[in-house]
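Report on the following structure.
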Amino acid sequence: MGGCAGSRRRLLDSEEEETAPEPRPPRSYHKGALWKNVMGFWLLGLCNNFSYVVMLSAAHDILSHQRASGNQSHVDPDPPPTAHNSSSRFDCNSVSTAAVLLADILPTLIIKLLAPLGLHLLPYSPRVLVSGICAAGSFILVAFSHSVGTSLCGVVLASISSGVGEVTFLSLTAFYPRAVISWWSSGTGGAGLMGALSYLGLTQAGLSPQHTLLSMLGIPALMLASYFFLLTSPEPQDPGGEEEAETSARQPLIDSETPESKPDSSSNLSLQERWTVFKGLLWYIVPLVLVYFAEYFINQGLFELLFFRNTSLNHAQQYRWYQMLYQAGVFVSRSSLHCCRIRFTWVLALLQCLNLAFLLVDVWFSFLPSIYLVFLIILYEGLLGGAAYVNTFHNIALETSDQHREFAMAAACISDTLGISLSGLLALPLHDFLCHLS
């Protein structure tokens with residue numbers, strides 16, 4: 001059905017209206033609508049995470065340089081080394097890039113903590129508008145910033161955009177075929193790769209970072225267009241076929257205590273039901289927290305300390321390459337659900353923690369002889385993180401009832417954000433400790 005009409009008729013914008021469950025449609029889901037929806041969710045994933053990734057890619061530059069006079073950005077493509085701790089054996093900024101990470105994640109954490117309690121009462125369209133406006137505001141504020149403090153305010157706007165968007169769109173997947181989850185995950189991985197690569201490529205090519213950030217204003221507009229004009233109205237879905245067989249073979253996360261029914265949203269779940277569902281989700285939430293804690297401790301705590309002086313890349317360029325390779329790994333693994341499915345995500349958490357331990361030892365002893373070995377490890381780190389994300393949400397979608405799925409997807413969003421927040425809090429004192437070593 002048409003995009004505008006679909007938006008006006010969207011079931012989700014009238015969540016407070018109780019309607020009788022409609023009959024299930026035939027198993028042959030309309031191919032045109034299916035492709036519009038999966039492409040819509042891919043674009044939503046891409047656009048939702050784009051500003052978040054760009055801010056992390058620019059973290060080293062944001063903390064290294066203030067805006068110069070005139071119309072030039074405070075971030076230079078190849079900045080001279082300033083405000084570093086010259087007494088340390090590391091090439092350190094005075095403030096860890098974890099500060100940007102915290103500005104980019106703490107607002108998201110607050111949003112995700114509060115979302116299961118009341119965000120579902122707000123229709124979806126206003127949430128999407130808030131997300132798009134905040135994303136655009138983040139690019140504008142950082143582009144025209146004269147100080148680190150103002151830039152961090154722009155980073156906070158990017159965090160609000162990403163947090164509201166992720167909770168909104170993952171909850172929205174409950175009303176569409178389960179295939180949209182893998183497409184959403186692939187889109188978020190694509191945001192990482194395209195965001196990091198675009199910032200790296202445009203600044204390396206000599207484009208003013210101010211103009212680079214302003215050129216990205218088309219991304220929030222694309223997100224709004226994808227939601228309002230590309231997605232079709234959600235309809236009751238019949239798992240059917242392979243998905244039905246796979247679901248029936250799984251152990252449900254919680255025992256169903258209510259008669260079989262499929263309400264249009266989870267807004268009528270009691271607090272007791274929400275707590276019961278959340279406890280069942282811990283089997284998947286805890287491993288994902290560990291995965292994201294380890295990888296973002298590496299990314300924002302160790303990346304700037306993994307500095308090789310015997311290469312043609314300066315410190316800022318090395319940091320950008322690290323971010324780009326990590327995001328490339330995330331994109332590949334978040335797009336791999338159709339090829340490889342992992343139920344026991346604890347294995348991924350263990351491997352990522354081993355990754356952290358190995359790189360932490362290298363920061364201390366500097367035994368890796370080449371930056372290219374670090375490149376490979378960072379690519380592998382991204383593969384683990386992306387696989388953990390997509391498989392966690394896929395497993396939750398399979399193992400929760402239709403009645404609980406919308407709430408479960410929104411509640412599980414806290415996993416990555418909590419892990420990232422903890423890593424940022426611990427990376428700050430580690431940075432200060434290591435950078436004061438003579």
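Keep in mind that glycine also has a Cβ here, set from the backbone N, Cα and C atoms.
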In terms of membrane topology from Swiss-Prot, Pro107 and Ala411: same side, yes or no?
no
Annotation N-linked glycosylation site per Swiss-Prot: which of the candidates Asn49, Asn310 has it?
Asn310
Which range is it, out of 152-172, 320-340, that shows up in Swiss-Prot as transmembrane segment?
152-172
For which of the residue intervals 128-148, 212-232 does Swiss-Prot record transmembrane segment?
128-148
Integer Cα-Cα distance in angstrom, Cys435 (cysteine methyl ester) to Asn310 (N-linked glycosylation site):
20
For the topological domain 'Lumenal' (173-182), report the average pLDDT of the model, please.
88
Mind checking how the topological domain 'Lumenal' (299-346) divides into helix, strand and coil residues in DSSP?
28 helix, 0 strand, 20 coil
